[in-house]
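J.: The structure is given below, and queries will be raised subsequently.
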Amino acid sequence: MNKALPKAIFLMGPTASGKTNLAIELRKRFPVELISVDSALIYKGMDIGTAKPNAEELLQAPHRLIDILEPTESYSAADFRRDALKEMDDIVAQGKIPLLVGGTMLYYKALLEGLSPLPAADADIRAQIEQEAEQFGWEAMHDQLKSIDPVSAERIHPNDPQRLSRALEVFRISGKTLTELTQIKGDALPYEVHQFAIAPKERAEIHRRIELRFANMMEEGFEAEARALYERDDLHADLPSIRCVGYRQMWDYFDGEGTLDEAVFRGICATRQLAKRQITWLRSWKELTWLDSDDIDGALELISTQLEKK
């Protein structure tokens with residue numbers, strides 16, 4: 001008889017949907033340990049603008065894979081999968097259930113489905129692409145991608161140079177499109193995964209929460225936190241850490257683009273767009289149970305019922 005797979009919980013959702021609060025409540029009721037699934041929370045010194053769980057919350061529910069890198073460093077979906085699997089194995093060895101909580105959908109996908117055999121980054125080719133973009137513009141580079149890989153071009157916005165550059169880089173290195181290569185799957189996750197997504201029923205409520213969160217961040221000193229990063233000699237606007245929503249807009253403000261109020265407004269708009277993309281991705285997710293962030297007791301009951309199923 002096959003040995004039963006260990007359980008794991010995915011707690012997904014758009015930004016500002018209440019994932020952290022629900023995760024803390026889950027830890028009070030179930031033998032779970034938390035793993036952060038967030039491409040911004042990995043960075044040290046980026047606490048306020050990422051809405052990182054505060055000291056009290058981390059005391060109640062420690063999160064693994066938070067504060068593991070300097071903002072100068074990069075971190076891929078492959079890096080996350082490697083680290084998350086290690087943490088999950090450690091949690092299971094303690095007789096507990098891994099609870100993965102966050103909103104970086106690409107990380108969840110990589111963990112659940114395995115990774116496609118994409119080529120490693122090539123600094124020379126990346127530099128060549130960036131040089132072409134500087135000469136012709138990212139719109140022209142997007143047109144180039146459209147002629148090679150229309151499926152990826154449909155998904156990638158011309159104003160997303162990181163993903164656009166990567167799609168072109170993959171083709172130039174391998175001779176195959178990103179679409180072709182991502183259809184080849186890696187190893188599936190060896191866990192019995194219970195997948196949940198938490199969000200308010202009304203989109204307007206997400207917008208309200210985002211605005212409130214941004215206002216709170218500014219009161220807590222986000223401008224000073226972002227400026228401290230801006231004044232470091234080892235950081236620049238093209239790093240993944242500084243491209244995080246909120247930080248990118250503050251960086252532009254420090255560079256002289258507009259007023260502080262305008263930077264805050266742009267940050268709110270960018271966060272709304274992020275939430276919209278997260279929800280769109282989740283709507284296409286398979287085997288997902290939706291939870292109402294305005295009914296935490298109901299959410300806990302639903303999760304409890306699912307975990308008790310064999």
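Every residue, even glycine, has its Cβ placed from backbone N, Cα and C.
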J.: From the ranges 132-139, 204-211, 220-227, 276-283, grab the one Swiss-Prot calls region 'Interaction with substrate tRNA'.
T.: 276-283
J.: Please find, within the list 87-92, 243-248, 267-272, 297-302, the residue stretch that Swiss-Prot describes as region 'Interaction with substrate tRNA'.
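T.: Of the candidate stretches, Swiss-Prot labels 243-248 as region 'Interaction with substrate tRNA'.
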J.: Region 'Interaction with substrate tRNA' per Swiss-Prot: which of the ranges 27-31, 52-56, 162-166 is that?
T.: 162-166
J.: If Swiss-Prot is the reference, give me the range from 38-41, 42-45, 190-193 marked as region 'Interaction with substrate tRNA'.
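T.: In Swiss-Prot, the region 'Interaction with substrate tRNA' feature sits at 38-41.
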J.: Ten-angstrom check, please: count other Cβ atoms within 10 Å of the Cβ of R126 (site 'Interaction with substrate tRNA'), all chains counted.
T.: 16
J.: Could you give the residue numbers and ranges of same-chain residues that sit at least 6 residues beyond the region 'Interaction with substrate tRNA' (38-41) on either side and whose C-beta is under 8 angstroms from one of its C-beta atoms?
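T.: For the region 'Interaction with substrate tRNA' (38-41), the nonlocal Cβ contacts are 50, 52, 63, 65-67, 75, 80, 102-104, 106-107, 240-241, 244.
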J.: Tell me the residue counts in helix, strand and coil for the region 'Interaction with substrate tRNA' (162-166), as DSSP assigns them.
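T.: Split by secondary structure, the region 'Interaction with substrate tRNA' (162-166) comes out as 5 helix, 0 strand, 0 coil.
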J.: Other than G13, P14, T15, A16, S17, G18, K19, T20 themselves, what residues in this chain have Cβ atoms within 8 Å of the centroid of the ATP site's Cβ atoms?
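T.: Residues close to the ATP site, other than G13, P14, T15, A16, S17, G18, K19, T20: G103, I198, A199, R209, S293.
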J.: Highest CB neighbour count within 10 A among the binding-site residues G13, P14?
T.: P14
J.: In Å, rounded, how far does the Cα of G18 (ATP binding site) sit from the Cα of T104 (site 'Interaction with substrate tRNA')?
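T.: Taking the Cα atoms only, G18 (ATP binding site) lies 15 Å from T104 (site 'Interaction with substrate tRNA').
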J.: List, by number or range, the same-chain residues at least 6 past the region 'Interaction with substrate tRNA' (276-283) whose CB is under 8 A from its CB atoms?
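T.: Distant Cβ neighbours of the region 'Interaction with substrate tRNA' (276-283) are 12-15, 103, 105, 197, 199, 203.
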